[in-house]
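Undergrad: Pasting in a structure now, in structure tokens, and then I'll have a few things to ask.
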Amino acid sequence: MTFNSFEGTRTFVLADTNKDEEFVEEFNRLKTFANFPSSSPVSASTLARAGFLYTGEGDTVQCFSCHAAIDRWQYGDSAVGRHRRISPNCRFINGFYFENGAAQSTNPGIQNGQYKSENCVGNRNPFAPDRPPETHADYLLRTGQVVDISDTIYPRNPAMCSEEARLKSFQNWPDYAHLTPRELASAGLYYTGADDQVQCFCCGGKLKNWEPCDRAWSEHRRHFPNCFFVLGRNVNVRSESGVSSDRNFPNSTNSPRNPAMAEYEARIVTFGTWTSSVNKEQLARAGFYALGEGDKVKCFHCGGGLTDWKPSEDPWEQHAKWYPGCKYLLDEKGQEYINNIHLTHSLEESLGRTAEKTPSLTKKIDDTIFQNPMVQEAIRMGFSFKDIKKTMEEKIQTSGSSYLSLEVLIADLVSAQKDNTEDESSQTSLQKDISTEEQLRRLQEEKLCKICMDRNIAIVFVPCGHLVTCKQCAEAVDKCPMCYTVITFKQKIFMS
């Protein structure tokens, strides 16, 4: 029996089922990656977690269950996403596996019948064989990592699912606490009664020792990124009034909260006396209608309200920032847009605090930046964390936003390295009086590939940053011809 491959895959004969059972364990799969290329854009651990084994050929990996094979990995690829596109019926990717007398779970992340999670709360129950696979696959694709879809009940504390109930829990909130009950309750947190410790009603995660610079949503998202509330998932909760509260689960229903405002024309009419600096047409297009009280607006679909608008704020971005689960927002802008807004906001918030130079704060900022997948990839390519952080800070200071793609970050890092090298060279070299013709000749030579001396330089080597060869000659070298550093990545550039 063979698997008919698509582009980026190969055909393999299905292996023996008993042999495959060895690789139900993620650890056993990871051991096959001992000789996996370190220069691969997707890490061995990510591929193993997605059910793959290393074949020993190039960057080709193969699923232990469906035996689909994938190669030619690129930066930004989702291991689980490509796995599911190539083999949508794979038992592993859908949360099931072969049955040997009893149901054997192969949900990614399960080992010895238990779930593994970075933010694990309490014990995990065995996977339920009759659970619809869509739940599992949806989370794998959206978060890129394993989350608990066992029989654990969500929300963890149904009594606190409404923001009103959470606010009431803060009656004895200590005076020394830096954050307000309103902000904490809005982020899904209620007071436990101990010190300044709060707990999420949904995932059960606990947070305490708040600092003045902390923001409730950011800390909740940073420490418990798989929380269903943080992800904006529908867990079928209702507020005390029987209707989803504004901040709980904006996407908990496919029906709009205010059908009368579902049309753009109906919403724009409500801005008749609008005096705020934010464009009313943009607000209406983003799903908001005016309440007639100052600059207060509300989304017709999720019911989320916003106020105190600043001139530079974009309605779509604020909608995504505060109400990421809104179905209207999701339909209009897509999940990738929402994810990018939250990633950018987290980085700007962290980097924007660098004016306060306390050791504990600096460490917290560094930890937040370091957890960014783009930063981890750049570090793996040989760039220093110090240079990455500096480049990201400069990006935010000059443009007001952070990086949304790894390629742009790498290009700026390479450019910064080149500028530093040129500055050092100009400081130490003697100024020579040379003719215009000689300068032109040298400039032309500098652009030529140092190997063939025929074509122009088109590749920069990472991590050394040297500009040495054309594209054709670069394919034939593994070490930089100038410094003999092992090349981990070859970045194409365009020289003017």
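Note that Cβ sites are derived from N, Cα and C of the backbone, with glycine treated the same way.
Grabbed the feature section from Swiss-Prot, which reads as follows:
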type	residues	note
REPEAT	26-93	repeat 'BIR 1'
REGION	141-149	region 'Interaction with caspase-7'
REPEAT	163-230	repeat 'BIR 2'
REPEAT	264-329	repeat 'BIR 3'
BINDING	Cys299, Cys302, His319, Cys326	Zn(2+) binding site
CROSSLNK	Lys321	ubiquitin cross-link
CROSSLNK	Lys327	ubiquitin cross-link
MOD_RES	Cys449	S-nitrosocysteine
ZN_FING	449-484	zinc finger
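I'd like these features described in context: how deep, what's nearby, how far apart.
TA: Broken down with DSSP, the repeat 'BIR 1' (26-93) shows 20 helix, 8 strand, 40 coil.
Taken as a whole, the region 'Interaction with caspase-7' (141-149) shows an average pLDDT of 34 in this prediction.
Neighbour density for Lys327 (ubiquitin cross-link): within 10 A of its CB lie 18 other CB atoms from the protein chains shown.
In this structure, Cys449 (S-nitrosocysteine) belongs to neither helix nor strand by DSSP; it is coil. In sequence order, Arg455, Asn456, Ile457, Ala458, Val468, Thr469, Cys470, Cys473 constitute the residues six or more apart from Cys449 (S-nitrosocysteine) in its chain with CB-CB distances below 8 Å.
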Undergrad: Looking only at C-alpha atoms, tell me how far Lys321 (ubiquitin cross-link) is from Cys299 (Zn(2+) binding site), rounded to the nearest Å.
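TA: Answer for this pair: 13 Å between alpha carbons.
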Undergrad: Which residue counts does DSSP yield for the repeat 'BIR 2' (163-230) in the helix, strand and coil classes, in that order?
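TA: The counts are 20 helix, 8 strand, 40 coil.
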Undergrad: By the count of other Cβ atoms within 10 Å, pick out the sparsest of the recorded positions His319, Lys321.
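TA: It is Lys321 that, of the recorded positions His319, Lys321, has the fewest other Cβ atoms within 10 Å.
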